[in-house]
Amino acid sequence: MLARNLRCLHPNTFASLKTNVSYHGVKCLASQSKRGFKVWADVPMGPPDPIFGITEAYKKDGDVKKMNLGAGTYRDDAGKPYVLPSVRQAETELLSQKLDKEYAPITGIPSFRVQATKLAYGDVYESIKDRLVSAQSISGTGALCIAANFLASFYPSKTIYVSDPTWGNHKNVFSRAGLTVKSYKYYDPATRGLDIKGMLSDLTSAPDGSIILLHACAHNPTGVDPTKAQWDDILKTMQKKNHFALLDMAYQGFASGDFARDAYATRLFASSNVPMLLCQSFAKNMGLYGERAGCFSILANDAEEAARIESQTKILIRALYSNPPVNGARIANHILSNPALREQWAGEVVGMSERLKSMRKALRNILEKDLKNKHSWKHITDQIGMFCYTGLNPQQVDVLAKQYHIYLTKNGRISISGLNTSNVRYFAEAINAVTSN
């Protein structure tokens, strides 16, 4: 109403209202807008996200041979985003149901939670379901945020140990929740493999009852996973020290193509009565990156304790985002609960996993056999999943970007999904050039 009245005023009359216009009881000082607000003057400029920064640099590069090996999203052999046919089919079938857009419960769609946790825990599920608390989350990061806030509120220890190195956002999520973040040894640069002795030593040295974050499969960023025997040793150390296991499983099925194999650690811990919680994501194995479908689950001692944990989880989620989005969870639930679609999806996951394995083999073969590079590249095929820790140093990474228009993180991590039959030789030749000097 005021806006309409002001537009009807003569310009000279409007000009006289410089400092005393009142709108809905709030005095508007026109002269103050000229001075600007000083309340945010001390907010420092934050550093750009390293992964999204790589993507921006890639987009600005006009070279036809440019490569983006930083982003953790799957690409097909043509370098294009890949929407799984099973996901397309699920969307079509869901659309025909004309579902509403009402709020989901605070902990999400119940059937999705059941299907997600069954996928994760497998044969162990039936023995733990009565004391398992679950909540649909905003993908894996959302599950980690629920976990971080719950542990900060209710777990005695306020220190969490993460692998060195770990996913870049882990430290941010847990420190923002008020937890102290420390690290344990994980990657051995000399062997480009797992430093199991250092890891077990650090877990033993940590105070009893510490929170230990473990990558369930396809370790990010190294691609280095423990063997089953090493997982057994890790479990024994965790039990001896009464540590709390926080398992981050973002790549089930996507790592090896085998859902059970990728969930080995999760099921081992769940069946061994170790205090634990699990964070799941369907971003990678269903390609639901923008749909943000995930699941948080935590094991209680009994059903009564589970009820109390669930009540606090609901309060926590209500404060964070109230209710999770429904579309991604509906897609995932539809696939998981439909035998034919589930079988189709499983085959597509195997296909994605096999393509990544083939790119690892091709890269190694070109470097070692075709180019006769003086270094060993065995670690490329020893590692697993979407990422590979190449061993390239920051200086070599800079040369790759400036001279070859190839973009990856400073620590030498590459996303294998960025490689395809058209560009893998170019990348190998670039690596050969920067490592031969």
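From the backbone N, Cα and C atoms, a Cβ is placed for every residue, glycine too.
Lifted from Swiss-Prot, the feature list:
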type: BINDING; residues: G72, W167, N220, R413; note: L-aspartate binding site
type: MOD_RES; residues: K284; note: N6-(pyridoxal phosphate)lysine
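Annotated features, which come from Swiss-Prot, shown on the structure.
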residue	record	DSSP (3 states)
G72	L-aspartate binding site	coil
W167	L-aspartate binding site	coil
N220	L-aspartate binding site	coil
K284	N6-(pyridoxal phosphate)lysine	coil
R413	L-aspartate binding site	strand
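In terms of Cα spacing, the binding-site residues W167, N220, R413 all stay beyond 10 Å of K284 (N6-(pyridoxal phosphate)lysine).
Listed in sequence order, H215, N220, P221, D248 are the same-chain residues six or more apart from W167 (L-aspartate binding site) with CB atoms under 8 A from its CB. Same-chain residues that are not part of G72, W167, N220, R413 yet have a Cβ within 8 Å of the Cβ center of the L-aspartate site turn out to be G168, P221, M386, F387, S415. The Cβ neighbour count for R413 (L-aspartate binding site), using a 10 Å radius and every protein chain shown, is 25.
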